[in-house]
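According to TrEMBL:
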DOMAIN    31-145  domain 'PurM-like N-terminal'
BINDING   33, 48, 79  Mg(2+) 4 binding site
BINDING   33, 79, 219  Mg(2+) 3 binding site
BINDING   49, 50, 127  Mg(2+) 1 binding site
BINDING   50, 79  Mg(2+) 2 binding site
BINDING   57, 272, 327  substrate binding site
BINDING   109, 126, 127, 153, 221  ATP binding site
DOMAIN    157-288  domain 'PurM-like C-terminal'
BINDING   222  Mg(2+) 5 binding site
Ligand SMILES: Nc1ncnc2c1ncn2[C@@H]1O[C@H](COP(=O)(O)OP(=O)(O)O)[C@@H](O)[C@H]1O
Ligand SMILES: Cc1ncc(C[n+]2csc(CCOP(=O)(O)OP(=O)(O)O)c2C)c(N)n1
Ligand SMILES: [Mg+2]
Ligand SMILES: [Mg+2]
Ligand SMILES: [Mg+2]
């Protein structure tokens, strides 16, 4: 079935089932001029949006519509996680080429509904338009955070520890394998390709780190180098990272050898890992071991007074400037 067979409103009717996962917070969902929501008293409201554009953020020959729907929501939940918040509601806007099959759209929504169910998020509205070019999906997510647990990019203090969750670089190494069309040939591909196609936003981890005194936090969407600079700049501090402490998976080391690249380059400049980068006072950081943060936490460096920007310390004890290189929509790196 094609879009012209169901029309814009027929499509919305097909989409709107199973969109509410926390009914107590939604007065009116899909079907009116605006959604009507019930915020939790005394919580700060968060709102964020990230858009995915065909052939910029995804390639329809290497992703399924379900994976794409999942990721379109995941990247937004990751921004809420990086503030220490809980995601509550999403609105989804899609621009669809006219020839798109109805089943494609339903599967896109199946992916979105799956992750929304997993994280207790309601899809409360959106917009559906035709596109003369490629597919565009824009998601906006509203979330909430207790005022005392809000974590911004600007709170890092000299003396804080710099740490990250899990491993970095897997997503962009996965993208490299997908775009070379050779991922199925290697048994190291699975974790790399999975982290690229269906990243898991670290919402619970973000909330736990916030509750344990993270002083600044950012999600790694543009690459570690870029996010370190964002924190350093917003907090008016310098950051020194120890190169060999940056956590890499065994699979990325194997993949990088096959791809003829340095594994660390994927971690520093690749992006889309959606891991959390945060700073924390050392005493608080020591306590993290006694909780289950839902992710492996690795100390990678420390916060210093402003002046030196972001530096990388190598194995030989040499320190050099880490350029703010990473994914930038208008600059080729
Ligand atoms: N077109 C825009 N209009 C207004 N604000 C924007 C626009 N694009 C980005 N921003 C804001 O700029 C900041 C940085 O954006 P971005 O790099 O996309 O953040 P993130 O990596 O967290 O998704 C955010 O506060 C975002 O809301
Ligand atoms: C087809 C394709 N080419 C390249 C990429 C890599 N890529 C696209 S956008 C991006 C950075 C993250 O996206 P952005 O829109 O900058 O998200 P934000 O920083 O706003 O969260 C990366 C690494 C990709 N995912 N798919
Ligand atoms: Mg963004
Ligand atoms: Mg983002
Ligand atoms: Mg970006």
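Backbone N, Cα and C atoms are what each Cβ position is placed from, and that goes for glycine too.
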Inset, instruction - Out of 50, 126, 153, 221, 222, give those binding-site residues positioned within 10 angstroms of residue 327 (substrate binding site), comparing C-alpha atoms, in sequence order. - result: 221, 222
Inset, instruction - Using only the Cα atoms of 109, 126, 127, 153, 221, which the record gives as binding ATP, return the largest interatomic distance in Å, rounded to a whole number. - result: 32
Legend entry - DSSP residue counts for the domain 'PurM-like C-terminal' (157-288), split into helix, strand and coil: 70 helix, 22 strand, 40 coil
Inset, instruction - Among the binding-site residues 48, 127, 221, 222, name every one whose Cβ is found under 6 angstroms from ligand 5, counting any of its atoms. - result: 221, 222
Inset, instruction - Just the binding-site residues from 33, 127, 221, 327 whose C-beta lies under 6 Å from any atom of ligand 1, please, or none if there are none. - result: 221
Legend entry - Chain-internal residues, separated by at least six, CB under 8 A from residue 48 (Mg(2+) 4 binding site): 76, 79, 80, 140, 141, 143
Legend entry - In three-state DSSP terms, the structure that residue 153 (ATP binding site) belongs to: coil
Legend entry - Candidates 33, 50, 57, 126, 153, 272 (binding-site residues) with Cα within 10 Å of residue 222 (Mg(2+) 5 binding site): 272
Inset, instruction - Tell me, roughly as an integer, the mean pLDDT over the domain 'PurM-like N-terminal' (31-145). - result: 98
Inset, instruction - Other Cβ atoms within 10 Å is the metric here; tell me which of the binding-site residues 109, 327 scores highest. - result: 109
Inset, instruction - Can you tell me which of 33, 50, 219, 221, 222, 272, our binding-site residues, come within under 6 Å of ligand 2 at the Cβ? - result: 50, 221, 222, 272
